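Taking it in order: structure first as structure tokens, then the write-up.
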Amino acid sequence: MGAKKYLEIVLTQYGYSFENPPPQEVVDQLKIEYAEWMPAFCYEEPMSKYCEGVPSYYMYRIALAPNVLFVALFGLALIAFMATFAATRRGLAFNIAMGLGVLTEVVGYIGRIMSWTNQWEESGFMIQVCALTTAPAFLAAAIYLCIRQIVTAFEPKNSRIPPEWYTRIFIPCDLTSLVLQAVGGALASVAHHRNESTSTGDNVMLAGLAFQVFTMLLFMAVAADFGLRTYLRARGAHLPNLSLTLDNHPAMVCLRASRRFKAFLVALSLATVCIFARCIFRVIELSGGWTGPLMARQDLFIAFEGAMIATAVLALNVFHPAFCSKELLNPPPRREIVRRERSEQPAFKMVNFIIDENEVAAQDAAQDTTQDTTQRDPAQEV
């Protein structure tokens, strides 16, 4: 017997029906008395008025507008990252990391839209949990890829570790947190589907989030140390222009002095802080369990999960390193180099095809004069 048919029988016992619904106080009484199977009824009839206040996978009614907005924003960001790489052919690893993160965000908010249509359906809930939990790890990896080039742009001697070791340290740590979060989400999903305790999966997911917070905190500390050492070196040299105390290569001096590079540094810092704040929120939220107080705050979820990540993505979208620090990224493809070399060749071959009649007449006259001179008898000149 379906849950809807069962509720119809119960309403008949109270002297009511779906066509002749009971008053609200009777509905509230039914929700309490038959609380165990009401979620099954709401799974079949999610839009029924009898489902208002019935516990679901969420502790609030999902708002549709913010989730649609985030799908649109992250979808446009994904297109922008793809278009930027197609136009510049620079920053492949950065674009891949950002693209994966943004794509995962889109999938996560699609899962929430699925839950808006039916909050008692499991697939949409698990999609948004797994996707939105792991997506910022890809974005953090993109940020870690940038620090190596930034250290090179200033002066590697100011860093306590070589530039190449930034990616060797932080990328594996980020991948570790990503794997922990993914495994934890999978374990929780399987346990929930079997009506078993999800504590093991929750703890693994929480460990992944906590390790991500630790990694980002260490990253910010190392980056701040590099910035402080660079500043102290400049101040110790008593030079007002910071670039004069650093790498004096003309390309690096021009890059550091450019507004686009300074804007990129601000955008990268903003993105780092936003992702870090989001990770702290998710750790606190998940530590309280799926029925904790923060799980019931949709406004905080939108602010710290959606808005923070959207701000980080937008900042790196607008101030993309392919435009703002292109000198530090991979050179353009060989095809462009060959085209540029050909364009820089002297144009003397083209000039040979341009004939000036006056110039030709002058050359012929000069040639005749030379021939007359050589044909004269030297004895006659004496």
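In case you wondered, yes, glycine gets a Cβ from its N, Cα and C as well.
Since this is a predicted model, take the numbers as computed values, not measurements.
Sequence annotations record features per position, and here TrEMBL assigns compositional bias 'Low complexity' to 363-373.
Look at TrEMBL and you will find 363-382 tagged as region 'Disordered'.
Here TrEMBL flags 64-85 (among others) as transmembrane segment.
Annotated transmembrane segment per TrEMBL: 92-113 (among others), in sequence order.
Within the chain carrying the transmembrane segment (125-147), a Cβ under 8 angstroms from the stretch's Cβ atoms is held by residues 57-58, 93-94, 97-98, 100-102, 104-105, 107-112, 114-115, 119, 166-167, 170-171, 174-175, 177-178, 181-182, 185-186, 188-189, 192, 205, 209, 212, 215-216, 219, 223, 268, 271-272, 275, 278-279, 282, 305, 309, 312-313, 316, 321, 325, all 6 or more beyond its ends. Here TrEMBL flags 125-147 (among others) as transmembrane segment.
Feature annotation from TrEMBL assigns transmembrane segment to 168-192 (among others).
According to TrEMBL, the feature transmembrane segment maps to 204-228 (among others). For the transmembrane segment (204-228), the list of distant contacts is 133, 136-137, 140, 143-144, 147, 151, 154, 158-161, 166, 170, 173-174, 176-185, 187-188, 272, 275-276, 279-280, 282-283, 286-287: same-chain residues at least six beyond its ends, Cβ to Cβ under 8 Å.
Under the heading transmembrane segment, TrEMBL lists 263-284 (among others). Sequence-distant contacts of the transmembrane segment (263-284) (same chain, at least 6 residues past either end, Cβ-Cβ under 8 Å): 133, 136, 139-140, 143, 146, 150, 206, 209-210, 212-213, 216-217, 219-220, 223, 294, 300, 304-305, 308-309, 311-313, 315-316, 318-319, 321, 324-325.
What TrEMBL records for 300-319 (among others) is transmembrane segment.
For the transmembrane segment (64-85), the list of distant contacts is 91-92, 95, 98-99, 102-103, 105-106, 109-110, 112-113, 116, 302, 306, 310, 313-314, 317, 320, 322-323: same-chain residues at least six beyond its ends, Cβ to Cβ under 8 Å.
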